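Student: The structure follows.
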Amino acid sequence: MVRVGIVGATGYGGAELIRLLAGHPHVEIANLYSSSSEGESLEKSFPHAAGLGLPTLSPIDADSMSGVNDLIFLATPAGVSSGLSPKLVEKGVKVIDLSGDFRLENGAVYQKWYKHEPAPSQWVEAAVYGLTEWNQEQVAGACLIANPGCYPTATLLALLPLVKTGWVQPNSWIVDAKSGVSGAGRGVSLGVHYSESNESIHAYKVASHQHTPEIEQELHKQSGEETLVQFTPHLVPMTRGILVTAYGQLTTDVTQAQIQELYEATYADKPFVRVRPAGSHPHTKEVYGSNYCDIAIHVDQRTKRVILLSVIDNMMKGAAGQAVQNMNVMFDLPEKTGLPLVPVYP
Ligand SMILES: NC(=O)C1=CN([C@@H]2O[C@H](COP(=O)(O)OP(=O)(O)OC[C@H]3O[C@@H](n4cnc5c(N)ncnc54)[C@H](OP(=O)(O)O)[C@@H]3O)[C@@H](O)[C@H]2O)C=CC1
Ligand SMILES: CC(=O)N[C@@H](CCC(=O)OP(=O)(O)O)C(=O)O
């Protein structure tokens with residue numbers, strides 16, 4: 001059994017990890033950690049978790065977290081993992097960090113977009129970017145995983161097969177994304193207040209969202225080309241789900257059928273990426289509660305653009321689901337273990 005600890009267990013990412021790990025056949029939820037509720041039962045924060053026999057919340061203290069955990073998930077805000085994770089890894093505990101602290105390879109870029117001190121550079125270098133489908137071998141040998149952001153997961157799974165072909169102008173990508181409100185976490189703020197977000201939709205962080213450099217960095221790593229992406233997120237009045245609509249200018253007369261074939265071949269042996277039939281319109285509801293990313297390809301021959309549609313559940317493939325997928329790969333377990341396959345519908 002893998003003894004697992006979760007820091008930030010009282011948040012949404014923590015709750016989703018508990019939902020998945022409580023049913024995982026090779027995991028023992030050994031410890032739950034909190035910076036604000038030590039000594040309390042998790043049921044006080046999450047009554048839905050009653051009856052699972054979970055440990056009481058413990059204080060966060062790196063010295064006492066080794067020897068009792070094989071792996072620790074950090075479901076904490078940016079700026080926490082950069083200090084804590086190196087101490088844990090030095091003591092022999094593997095770490096999967098759901099925050100952005102180890103995703104950006106350049107510390108100055110992290111500081112600019114996250115407004116926090118970057119993690120020590122040797123630890124950023126040691127971290128593996130956990131987009132499982134594209135980095136499986138590195139994930140298998142990693143001690144520290146930078147779990148991808150929710151928007152980058154939906155975007156990169158959609159764009160990566162194409163950026164390697166040269167069929168799209170690298171700087172032409174426009175990524176328009178919509179997220180459910182749980183993407184903002186459990187903390188209350190005006191923007192996610194019910195009466196502000198219900199029956200309404202708005203763009204936010206235009207030309208300034210912290211996931212922009214993460215998307216560009218990973219596109220560059222796979223294509224070798226400097227790529228600028230115009231990324232605009234929107235908040236929509238639903239609890240879970242992300243829809244990405246990405247537009248790229250084609251450089252050649254490639255057909256929809258050729259692109260479809262490329263995607264089907266790329267993801268043929270990837271259990272969590274489903275390439276929909278050509279011309280489909282995936283709904284977020286069709287991946288709700290699951291670890292799937294569903295992708296559909298359209299080509300507009302009139303404008304010579306490819307239009308990619310990609311849906312995920314932000315809490316699952318966008319956070320906890322992908323984190324558990326990475327854990328499975330790190331511990332040489334079948335990739336799908338403990339990840340319920342069928343989306344909740346309706
Ligand atoms: N929600 C989503 O869809 C996604 C979230 N993420 C990332 O995952 C991480 C967790 O997100 P999410 O669960 O939604 O956020 P929440 O706000 O719901 O939960 C974060 C938890 O972190 C703990 N925490 C807060 N401050 C500190 C601190 N200074 N030190 C230690 N722990 C602290 C809190 O628990 P306590 O008070 O008990 O310590 C809190 O419950 C974030 O970095 C987020 O950006 C990534 C992808 C998608
Ligand atoms: C709807 C909503 O607010 N979503 C969050 C998701 C980002 C996130 O989770 O932050 P990191 O991945 O950078 O840690 C946002 O746009 O900031």
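Placed from the backbone N, Cα and C atoms, the Cβ positions cover glycine too.
Grabbed the feature section from TrEMBL, which reads as follows:
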- 3-142: domain 'Semialdehyde dehydrogenase NAD-binding' (DOMAIN)
- Cys150: active site (ACT_SITE)
Student: In sequence order, which residues at least six apart in the same chain have a CB under 8 Å from the CB of the residue listed as 'active site'?
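Tutor: Same-chain residues close to the residue listed as 'active site' (Cβ under 8 Å, separated by 6 or more) are Ser179, Gly183, His211, Ile242, Ile312, Asn314, Gly318, Ala319.
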Student: Count up the helix, strand and coil residues in the domain 'Semialdehyde dehydrogenase NAD-binding' (3-142) according to DSSP, in that order.
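Tutor: DSSP classes over the domain 'Semialdehyde dehydrogenase NAD-binding' (3-142) add up to 54 helix, 24 strand, 62 coil.
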